[in-house]
Structure formats: C-alpha cells, structure tokens
Amino acid sequence: MQALQQFVTRHRKLLVLTGAGCSTDSGIPDYRDGEGRWKRRKPILYQEFMTSESVRQRYWARSYLGWLPFSQARPNPSHHALAQLESRGRIGQLVTQNVDGLHQKAGSQQVIDLHGRLEQLRCQSCGEPESRHWMQEKLVSLNPWLDTLNAATAPDGDTDLETDFSPMVVPGCPICGGILKPDVVFYGEQVPRSRIAAVYDALHQADALLVAGTSLMVFSAFQFMREAARLGKPIAAINQGKTRADHLFQLKIEQPAGATLSNLVTNLPE
C-alpha cells in the first residue's frame, strides 16, 4: 500500500481505467476468473444480436429478469474512493469499461463510459434513443409469463437462464419499428471513435495511469496500456489475478479494489 500511495503522490494527474472488479462489491458479477478465463459462456456477439430473432428473444428474456437487480445496484467503496480522489484533484479523467453508471452515482464528474450505459437503448435503424425502463414495461406487458421465471444474476444485467424463448415477443422501435439494442458496445462491435479519441487525449495529458479491477483482456482497454508504455507513462494496477498488461506495469497490487482504494484515500496526504 505504501508503494501505491507513493505512486499517486508522485503523479498528481491520473488517468484511471476501471473494470468489472470495481462493481462486484455492488452485486454485479464479473465475466472472468483470476486467470482471465470466462466464468460463463461468452456474451452475445453484435452480429448474432442483429441477425437472429431467436438470439434477441433469448437476450431480452434474460435481460428482463436481470434488469431489476442491476438497476438497483449502488456504489461501493471503489466508486466512492475514486470520487473522493477526483474531488481532491488527483484524477484528470476516469475511463470505465463498466456499463452500470455507478461511478457517476458515487459523484465522479469526469467519466468516459467506454462501452456505453445499459440504461439507454438505441434504434439500429433510425438512431432514436429509448429508455431501458420503457423496454422493461413493454416486455412484461407483452410477456406477462416472464414474472414466473427465476434466474441467477449474471454480468451486465443478464441472468443465467435456459428455457424455451420462442414465445417471447420483443418490441421494436416506437418510431420506425426497427431493432432496439442496448446502447452499449457488444462483443464484436466497435467502440465509437469519438470515445477512443477522448481517452487518447486524456492519456496524453495524464502524468500516469491507475488501473483498477480489470484483466484488460479486451483490446478496447488494452490498447491504452500500449500507448501509455509508448509514451513512457507509468502504470499502476489494482487487480486480483493476471492481466493482459502485467508486463507493462510499474506497480501491481493483487488485492480487492474497494479495500485498496479506500485505504489509499484514507492515508493519502492532502
């Protein structure tokens, strides 16, 4: 912990990158184990969602059950500690791979949601936005049998549920009837260029990077580690288990993110 405090003291303008490990204490499961392997089967691919009605039926049935616990999740010590670091002028930009909005709920202001936010949908035809709450109401009105199902919570508002999804009626866009998709980056989908550019800009302005709760297995996050190394920016990481960028870190703390960040804030000089 002393090494982490020294790192943050030396580098006063941090870019912070967070992942699923920062939200597990809020009751939102993560995807991977300590070795970076999938705990569950891989999430739905973008092309599968867009081209297969049965895939969309399965997705929305499972999402219906997972939405309530996901939407009720509250910030945990990781989120609160990072919000405090920002208020003390230690964080120039926070970038999160999570889609839960918990950093903002904890009070962080400078947040880039790299993979979007699950609380909003977007029509894939006309581009019209729609609320996830609207979808929840439409799903149950068209499929009242959904409330008879039970399932365990899975990452990103999903659930572990296998049943016959063929009766599922999925509402389309209220404007044009097109396919509604959560306004998040699915696997196999590209992160919007504007977000990537914003992160690169923040990275160039930062003194160092602090990574928390992510294995960095997806390229959309790992690319920033490579760029930081190219620029000679020091990187510190808080993560339980190996990451794709272990060879690029100057410091790694293999402890829970919440306790580590809280300890850091408590003991860091003003």
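Placement of Cβ uses the backbone N, Cα and C atoms for every residue, glycine included.
Curation plays no part in TrEMBL annotations; they are all automatic predictions.
TrEMBL has this to say about the protein:
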ACT_SITE  His115  active site, proton acceptor
BINDING   Cys123, Cys126, Cys173, Cys176  Zn(2+) binding site
DOMAIN    1-270  domain 'Deacetylase sirtuin-type'
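When the neighbouring Cβ atoms lying within 10 Å are counted for each of the recorded positions (His115, Cys123), the highest count belongs to His115. Of all the Cβ atoms in the protein chains shown, 18 others lie within 10 Å of the Cβ of Cys173 (Zn(2+) binding site). In the structure as shown, the Cβ atom of Cys176 (Zn(2+) binding site) sits within 10 Å of 13 other Cβ atoms.
Long-range neighbours of Cys126 (Zn(2+) binding site) (same chain, six or more residues apart, CB within less than 8 Å of its CB): Cys173, Ile175, Cys176, Gly178. In this structure the C-alpha atoms belonging to His115 (active site, proton acceptor) and Cys123 (Zn(2+) binding site) are separated by 17 Å. Those same-chain residues not listed among Cys123, Cys126, Cys173, Cys176 yet with C-beta within 8 angstroms of the centroid of the Zn(2+) site C-beta atoms are Gln124, Ser125, Gly127, Glu128, Gly172, Pro174, Ile175, Gly177, Gly178, Leu180. For the domain 'Deacetylase sirtuin-type' (1-270), the mean pLDDT of the prediction comes to 92.
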